[in-house]
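I have placed the structure first, in the form of structure tokens, so that the comments after it can refer back to it.
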Amino acid sequence: MSIYVDEKTRVVVQGITGRDGSFHAAQMAEYGTKVVAGVTPGKGGQKVHGIPVFDTVAAAVEATGADASVIYVPARFAADALFEAADAGIKLAVCISEGLPTLDVLRAYHYYRARGLRFIGPNCPGIISPGKAKLGIMPGHIHRPGGVGLVSRSGTLTYEVVWSLTAAGLGQSTCMGIGGDPVIGTNFMDALAAFEADPETVGVVMIGEIGGTDEEEAAEFIQKNLTKPVVSFIAGRTAPKGKRMGHAGAIIAGGKGTAQSKIEALTAAGVPVADLPSQLPGLLKERLG
Amino acid sequence: MKIHEYQAKELFRKFGIPTSKGVMVTDPGRAPEAAAEVGYPCVVKAQVHVGGRGKAGGVKLAKNEEELKRHAGAILGMDIKGLVVERVLVDEAVDIARELYLGVILDRASKYPVFMVSAAGGVDIEEVAAKTPEKILMLPVDPAVGFWPHHGRRLAGFLSEDPGIQKQLADFLEKLYRLFIATDASLAEINPCVITSDGRATAIDAKINFDDNALFRQPDVEAMRDLSAEDPLELKAKDAGLSYVKLSGDVGCIVNGAGLAMTTMDLIKHFGSEPANFLDVGGSSDPAKVLVAMEIVTADPDVRAILLNIFGGITRCDDIAAGLLAALKKRPLEIPLVVRLTGTNEDRGRAMLAEAGITAGVNLDEAVQKAVAAAREGR
């Protein structure tokens, strides 16, 4: 088991003829992901790395039975791609593209939720269930199949932590980056609930950062709903107020979103917060016994 | 993106929102001309992207031309929290009966545009929210549905009991919502919106922030950007596709990815020093970005050592190495450099650096400790 994606997931790549889309379609297929179709308007009938390209997601779904999508289109077309995927019957869309207008993401959020669909991102590295499927841009080789679930707002920091888990002999059930934007399709609580329900997952690593109050809400959720151990790291203890730290969502505004507030909330909920990412495997091992 | 009050008021007028009369000037000699349009008494208001200008002496009432010239002369060029005032707004002094707070934000928690209104205007709204939350009404509006008359009635009814004023406010708020959506704003705040002694609702202050991600479809908004109000190094970084924030420490850092960049700063502090900056070279693999990043970090005179921290995913270590070598060739470093390089194509990247006599580490904690020690020696 794993969450959201596995060896049965049939993937369509939106923006497959672009530079990133084409490169990562090949990488995902090489990892063993069932990449069954690509979509680029006006390029239907072509093939990219042997993968058939369609003009619309609807045509791709009809011809190939794709049920998940990965979006690599430029920011100004990405919200359109999200809505198109939902309308075509895609159950899970992973939006790698960054720079989407917040108002569009917010609209997509409610559109997907109202229909019982899910998207991850935007502005995220994607999701991987090691040994089964990779929908995103993370380096596949640093992962190992196992029982640790990982959810993070970051990209490269996630790789850093995955690598240290793997080096410590802790394989992963599913690792997902939920994105650095202020509004995202899938949040910590969604991922935590899914990891709790997944029989293969034995413990969870949650990586947060400054901005918003998702970590505080997740802390409350963990206390109420999780039986599996959770360990955490929060980036941005030294970040100044009122300055956006790279991610659109990483900003301490109106006194809200400090690392301190998140660390306090998690600690109060019984979730240990590491001072250094390198401490995470040890903290988790202690709790897994 | 932020704009000045006078620009926000121009936008208000465009959307039909009642606003106090005002004229922006950059030269104290032109202030009387402005006052001729708005009349006396008038208010001289510093236009800077920072709060608390009133307390800093950046807002003054002028009853006549002599006072106006004196205040405009004093405020233009004034330093408010590190920002030099280059523009003032000569604004109509309105006869105030009541002050209200009206705001709309894109709310991260509820994921809706949310109205925040209060009859306790003219004061710090965060303080009102903390001490007397019952004095604030928050009302989400689903953008798929839009603003309807019942939204206006609910909000206006909370603010006033007078049917005439309620009607004005409902209209005011509907237009504010229209402006908010049409311009991709992330925050629109009127503090205060006043009810004049003759019963008119008028905005006498205005603040609007916009979603940077939406500027590609908002050329009119982008055109209002005041480049002089922004940090030149942060602008240079942005032009090159990097994000950079200057901090006060002496260990410079260049990192790929925002989360890892913040973590690198935190580790610098954890191991006993202070970061000089946040710098994310982004996810792509472009040697030119490393070159610009090196230029920006070395331009900071406080930096005593530089840490380059890369975990390659999309970013390829050999591209990073090529960028670093190009930067060093262009301008040799006079301060210590610590490199941590791992991930995609790390063998190739590390070999390229070794040829140039640079040893690249793999372990993050070790690299940070090394950089902290090097900066300490350089002090």
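Every residue, even glycine, has its Cβ placed from backbone N, Cα and C.
All TrEMBL annotations are machine predictions without curation.
Feature annotations, courtesy of TrEMBL:
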type    : residues                                             : note
DOMAIN  : B:9-219                                              : domain 'ATP-grasp'
BINDING : B:LYS45, B:GLY52, B:ARG53, B:GLY54, B:VAL94, B:GLU99 : ATP binding site
BINDING : B:ASN191, B:ASP205                                   : Mg(2+) binding site
BINDING : B:ASN256, B:GLY313, B:ILE314, B:THR315               : substrate binding site
Quiz item: By CA distance, which of the binding-site residues (B:ARG53, B:GLY54, B:VAL94, B:ASN191) lies nearest to B:ASN256 (substrate binding site)?
Solution: B:ARG53
Self-check item: Candidates B:LYS45, B:ARG53: member of the binding-site residues with the richest Cβ shell (10 Å)
Solution: B:LYS45
Quiz item: For B:LYS45 (ATP binding site), what is the secondary structure state per DSSP, taken as helix, strand or coil?
Solution: strand
Quiz item: Around B:GLY54 (ATP binding site), how many other C-beta atoms are within 10 angstroms of its C-beta?
Solution: 12
Practice problem: Would you count the other C-beta atoms found within 10 angstroms of the C-beta of B:ASN256 (substrate binding site) for me? | Solution: 30
Exercise. Would you find the one among the binding-site residues B:GLU99, B:ASP205 whose Cβ has the most company, meaning other Cβ atoms within 10 Å?
Key: B:ASP205
Quiz item: Given the binding-site residues B:ASN191, B:THR315, which one has the fewest other C-beta atoms within 10 angstroms of its C-beta?
Solution: B:ASN191
Quiz item: What number of additional C-beta atoms lies within 10 angstroms of the C-beta atom of B:VAL94 (ATP binding site)?
Solution: 18
Quiz item: Among the binding-site residues B:ASN191, B:GLY313, B:ILE314, which ones place their CB within a distance below 8 Å of a chain A CB?
Solution: B:GLY313, B:ILE314
Quiz item: When a 10 Å sphere is centred on the Cβ of B:ILE314 (substrate binding site), how many other Cβ atoms does it contain?
Solution: 23
Quiz item: Given the binding-site residues B:GLY52, B:GLY313, which one's Cβ is surrounded by the fewest other Cβ atoms within 10 Å?
Solution: B:GLY52
Quiz item: Roughly how many angstrom lie between the C-alpha atoms of B:GLY52 (ATP binding site) and B:ASN191 (Mg(2+) binding site)?
Solution: 13
Quiz prompt | Segment confidence, the domain 'ATP-grasp' (B:9-219), expressed as mean pLDDT | solution = 94
Quiz item: For B:GLU99 (ATP binding site), which DSSP three-state class applies?
Solution: strand
Practice problem: Sequence order is fine: just name those binding-site residues in B:LYS45, B:GLY54, B:VAL94, B:GLU99, B:ILE314, B:THR315 with a Cα within 10 angstroms of B:ASN191 (Mg(2+) binding site). | Solution: B:GLU99
